[in-house]
Amino acid sequence: MAKFIMVVGTSSNSGKTVLVSGICRMLSNKGYKVAPFKSQNMSLNSRVSIEDGEIAVAQYTQAMAARSEPSVHFNPILLKPKGNFVSQVIVHGIPYEDRDYNEYRSKKDDFLDKIKQSINYLDKNYDYVVIEGAGSCCEINLLKDDIANLRVAEIAGADAILVSDIDRGGVFASIYGTVQLLPENWRNLLKGFVINKFRGNIDVLKDGFEKIEELTKIPVIGTILYDETLILPEEDSQALEGKRVFGNVKSPIEVNIVKFSKIANFTDVDPLSSDCLMKYIDFNDDITGDILILPGTRCSTVEMDLMKKHGLDKKILEFVENGGIVLGICGGYQTLGKMLIDEDFSEGDIGTISGLGLFDMETTFGNEKAIKNSTGTISIFDQNFNVTGYELHEGHSVSNETPLISLSRGFGNCGDSYDGSFKIIGNSYIFGTYFHGILENFEFRNYLVNFVRHKKNLSKIENDNYAEIFNENMDKLSKLVEESLDLSKIIK
């Protein structure tokens, strides 16, 4: 039987996701078989599990931290917002149906049964299960229908830790208010408080620790210092609010990423950030980079319509005329074609719309969703690159261009043996693919960066290995968590 631990928060962005990752890596380093778990997550950022099912990217990342194969049981319910208060409901990795909040709530007991199935599976197959809550664990207007927080701890028999972000201010009031508003049976599950993102001398907090422990009879088990050197994947698009420039600010290579209105899987671009200056651009902005990335999106037709309305489509075509490099990923790839055909309005209110026309390609929506871990070979250069990625798309594309990838596993453009498209227009190279994670492939990423460096008469570089950087930072996070928290009463 597994030991269950739960991390809940006083608010969204309190540090639950990162703390779970750190605990998972810490336990893995001690030789335990560890699983992360989040009963219900709402996110447009998702990845593909070992079973070819869809789970939130946060639980995938936590699985990597735990050194465990990512499973649909790590995130049994995934909600992907579609707009107008409707979300696509993913159950155990498979699209279930679209529901608004009231429709979803009416089936709460059915979804809770699925959550219990996953808890039972994890209990039998792991030594430790580290559960992440959602948002605030005490939204009193939602408590009776909350299947993502302390109800889950109660079902699993988990000891719970309450984390709060001191960087926002009001940390002790947030902790005390949360505890007081919780029903007694859930309050009794709390075994300790964690203060997150503290800057300065911890001694100034001692009076606060003593008072909050006196009032609640629950100890503060640690304070995590704010560490700006940690490089960790972001969980969802909220992290992009106000984010404009990141990556290697001293790099002579600039990458522009179109900040789509319904951007998804934006972490696809992260592997470039160690060697390139990364900059998000809005629909009204000029393109100033050497490489332009059109990322994934929940609604390709909506993004295409917005690009036309704001004139970004013309700027992209001008960028190509001037020899720029373009990479479209999933929804971004679809916009590079001639037509996006959505006769059933499955993508939204736009329907059928013409694309950028850089590829001789048509994409049709309304088909069954492709959810695959995929592999293949890129053979368009003077050498072959073996690549891996994952597919999450409902549109099927028929392209008359040179395929980017010859598939050995996957769905690709339309269920044939190929994925993506490649085209040279003058001095411009245009790449398109359904492979999320394409830039995690070292050889392809290295070729792309050095191709730009060659065009700018710069010497070649060997990129950092993205997987190595991830593991180095997870080990650093694990050490920070272990040194900051007293988990002796929870981890036995």
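Heads up, residue numbers simply count up from 1 along the chain you see.
Keep in mind that glycine also has a Cβ here, set from the backbone N, Cα and C atoms.
Taken from Swiss-Prot, the feature domain 'GATase cobBQ-type' applies to 252-444. The active site, nucleophile annotation in Swiss-Prot covers C330, and the record cites sequence analysis as its basis. The active site annotation in Swiss-Prot covers H436 and is backed by sequence analysis.
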Completion exercise
the residue listed as 'active site, nucleophile' falls, by three-state DSSP, under coil
Fill in the blank from the handout: Whole-number mean pLDDT, the domain 'GATase cobBQ-type' (252-444), equals 95
Problem - Chain-internal residues near C330 (active site, nucleophile), provided their CB is under 8 angstroms and they sit 6+ positions away - result: A264, N265, P295, G296, T297, E391, L392, H393, T433, Y434, H436
Practice task
Run through the Cβ atoms and count how many others sit within 10 Å of the one on the residue listed as 'active site'.
Solution key: 26
